Amino acid sequence: MHDANIRVAIAGAGGRMGRQLIQAALALEGVQLGAALEREGSSLLGSDAGELAGAGKTGVTVQSSLDAVKDDFDVFIDFTRPEGTLNHLAFCRQHGKGMVIGTTGFDEAGKQAIRDAAADIAIVFAANFSVGVNVMLKLLEKAAKVMGDYTDIEIIEAHHRHKVDAPSGTALAMGEAIAHALDKDLKDCAVYSRESHTGERVPGTIGFATVRAGDIVGEHTAMFADIGERLEITHKASSRMTFANGAVRSALWLSGKESGLFDMRDVLDLNSL
């Protein structure tokens, strides 16, 4: 990677998240917008990426071919869909490009492909790039170690009507943080749905509830409930810019790293706390 400005490429440049990633890349010192990508056949191809994002002319035009811009970026930022991200991952691995992956909804094979690629390239892969969410994950680990053995743990998340996966990647990351703190595997203790006659709550499980409505950017709550008291730890996002800023900050953090799989807690040095 270059020692000067880190040049980033943005996938899905015409989407809501893509436009905010462009804004964030143009705003952060030490980062340069090198390329912007959209799918083949998009009406946005050839548009100026900065103008598309409402940030003024940049001279970077929206392209559909990664091969055409492979010399224009060092780190690829991807918040698209799993199938597209895995195609981009293969390209970046072949060409030695770092990646910041905010795509959610991967199956186990997809996650393994990311782990495998990290042997050759540096990747930041996180369910949520918000600073606040990642601080929350650390707090959940602490709370689980103190209260997790005797409380009922529930995770409630809410997002906009257009979100296609559930539970959210962030909700799953919350569950994994709690389960790990309790020396459990989330797949063995998660309860993702309840309906009809469920019987009493099974001790030691982690419940999930999902809301999809309106334009909710993202709300997540973890509840540790006992008889007589409960602790709730909540994060509410009011703008996608918090995710975009964190992702671009992660791209800058990758400077000088040749390989390895990292998450936002590494970027923020939360693992040392």
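The backbone N, Cα and C atoms fix where each Cβ goes, and this holds for glycine too.
Sequence-distant contacts of His159 (active site, proton donor/acceptor), defined as residues of its own chain at least six apart whose C-beta falls under 8 angstroms from its C-beta, comprise Ser168, Val211, Arg212, Ile216, Val217, Gly218, Glu219. His159 (active site, proton donor/acceptor) carries a strand DSSP state (E or B). Residues or ranges marked as active site, proton donor/acceptor by Swiss-Prot: His159.
Annotated active site, proton donor per Swiss-Prot: Lys163, in sequence order.
The feature NAD(+) binding site is assigned by Swiss-Prot to Gly12, Ala13, Gly14, Gly15, Arg16, Met17, Glu38, Gly102, Thr103, Thr104, Ala126, Ala127, Asn128, Phe129. Cβ neighbours of Gly14 (NAD(+) binding site) (same chain, under 8 Å, six or more residues apart in sequence): Glu38, Ser42, Leu44, Ser47, Leu52, Val62. Annotation note: Gly14 (NAD(+) binding site) sits in a coil segment as assigned by DSSP.
The feature NADP(+) binding site is assigned by Swiss-Prot to Arg39, with sequence analysis given as support. Mapped onto three states, the DSSP output places Arg39 (NADP(+) binding site) in coil.
For His160, Gly169, Thr170, the entry in Swiss-Prot reads (S)-2,3,4,5-tetrahydrodipicolinate binding site. Gly169 ((S)-2,3,4,5-tetrahydrodipicolinate binding site) has a Cβ environment of 17 other Cβ atoms inside 10 Å.
Using a 10 angstroms CA-CA radius around Gly12 (NAD(+) binding site), the recorded positions that qualify from Arg39, His160, Lys163, Gly169 are Arg39. Mapped onto three states, the DSSP output places Gly169 ((S)-2,3,4,5-tetrahydrodipicolinate binding site) in helix. Highest local Cβ density among the recorded positions Arg16, Arg39, His160, Lys163 belongs to Lys163, counted as other Cβ atoms within 10 Å over all protein chains shown. Counting Cβ atoms from all protein chains shown, Asn128 (NAD(+) binding site) has 27 others lying within 10 Å of its own Cβ. For the recorded (S)-2,3,4,5-tetrahydrodipicolinate site, residues His160, Gly169, Thr170 set the reference point as the centre of their Cβ atoms, and the other residues of that chain within 8 Å of it by Cβ are Thr104, Ala127, Asn128, Glu157, His159, Lys163, Asp165, Ser168, Ala171, Gly218, His220.
Using CA atoms as reference points, the binding-site residues Arg39, His160, Gly169 were checked against Thr103 (NAD(+) binding site), and the closest is Gly169.
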